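Features reported for this protein in TrEMBL:
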TRANSMEM  7-24  transmembrane segment
TRANSMEM  66-93  transmembrane segment
TRANSMEM  100-120  transmembrane segment
TRANSMEM  156-184  transmembrane segment
TRANSMEM  200-217  transmembrane segment
TRANSMEM  259-277  transmembrane segment
TRANSMEM  283-305  transmembrane segment
TRANSMEM  333-354  transmembrane segment
TRANSMEM  374-403  transmembrane segment
TRANSMEM  424-444  transmembrane segment
Amino acid sequence: MKSKKNYIYFLLFAVFMILVHVYIKPVFGDEIHFRAKLISYHYDILSLLKWRWMNWSSRFILEFPMYLMAVLPSILWKIIDCICFIAVFYMISIYTDEKLFLLTCICSYPLIHLASAGWIATTTNYLWPFTAGLAAFYLFMKLVSQADLNVPQFLLYSLLLIYATNSELISCLFLLAVLLFFVYDHLFYYRRRLIKNRKVIIWSLLLSIAGIVNVLICPGNQNRIAKEITQWMPDYAQLSFFRKLQLCVVSTIQHFTSIPNMIFLLLGFLIACIIISDQRFNLLYKLIGTVPFVISLLLTAYYGWFNILKKHNLNYVLPEVTMKSSSQILMQMILFVLSVIYLICMLISIFYIFRDDTKYGVKQYEQSFCLVSIYFGGLISRFTLLFSPTMLASGTRIYFIFYMAQIWILSKLFEKIKSQPLRILCYIICIAGIIVNLIMLYMLQRKYI
């Protein structure tokens, strides 16, 4: 009966994604430029990728399918993109019992973010490598626990990882994930190791590091940074590390509050509800657990009033790079401090909510370690932009991994909700998010229909 339900959930999600992709018309953004560029090279894609590596980007593996999708019939891109979304849903659903809730959460993700540079350009650079990286890590956990190497699985794993780590973001995250898995094994399984094949660990580290080295030695990246500093952030070279960090932090909190965000609000709300109702926690922990929701609610209300209702601005607010008044300095410092408080309280809350009191010693915190790592990994994906002048110009697409991390944790939090009215309320919030998502998608696409 349970497997039949799971099949229905996968079918529902697949139908949703297919209908969305039938409606989408990938006829704007960077893919117009990429199509014209490949045609100007007389479809000699290898020569074009060589030129790109020398002059613009280290993502020569990711850009191979991107250029192909730009000139091939869009139905092919739509099929692969649907498969990627379904694969992400499947791989996260393995680790949660609340598959229907996970489905509604992913469907409420603002899909228009994956069109910020054009549908094809954005998905092939963010969704596709993320999916490959997630699948690679799924295989990594299988391979590393087998004393005898499964050669077909290892070859598939290697191909997925080579593709995924051509993204500088995924190469950093995968390196971090492998190191954390090593720590996890030694921390929680010190008597009976999960890692039975260290060669897979070494190979994974080598490929991840190779991806990072590719980014560092690529001459095109240096050219691109120089041009993007001029175009997007002329003051970038003069900014201190702390100022760049402040901009990243402030822009992140503004992204999730300057336009009401169902996923962000729901995460804080569920944590507050669980901690307040859990008898294990004293007053201090209950106060810590309510802080993320209070901060997210207050900032959403603030921007809703001053930005949306008063200024009729439905765009995400971005911080000023060069602050020209004391009020701007004060506002950014307040947002920075609130963000740090939010993050500390969020991590503490996740860590203690998922403590398992039926176990003893360090084993109590096994699930806590995993979920804090997922949240932190999603957040780190945003802060890789500290080293890029496009930290603000990259727009909404860079948040995709952080959204997926929050959705993953939401599905685990929902497992702890026993109150039926509260569960219904959560579904209503997610359905509202799906409706808003579809309305925004319609508004984006209507001029191309």
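Glycine too: its Cβ is placed from the backbone N, Cα and C atoms.
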Item checked: Cβ pairs under 8 Å between the transmembrane segment (259-277) and the transmembrane segment (424-444), at least three -> yes
Notebook entry, point to check: Cβ under 8 Å to the transmembrane segment (283-305), counting only same-chain residues 6 or more beyond its ends: which ones?
Noted result: 253-254, 256-261, 264-265, 267-269, 271-272, 274-276, 317, 335, 338, 341-342, 345-346, 348-349, 352-353
Notebook entry, point to check: Any residues 6+ beyond the ends of the transmembrane segment (7-24) with a Cβ under 8 Å from its own?
Noted result: 78, 81-82, 85-86, 89-90, 93, 99-100, 103, 106-107, 111, 115, 119, 441, 445
Checklist line | Cβ contacts under 8 Å made by the transmembrane segment (200-217) with residues that lie 6+ beyond its boundaries | finding: 58, 140, 143-144, 149, 154, 158, 161-162, 165-168, 170-172, 174-175, 178, 182
Checklist line | Intrachain neighbours beyond the transmembrane segment (156-184), with Cβ under 8 angstroms and 6 or more residues off its ends | finding: 58-62, 125-126, 129-130, 132-133, 135-137, 139-141, 143-144, 194-195, 201, 203-205, 207-212, 214-215, 366, 369-370, 373, 377, 380-381, 384, 401
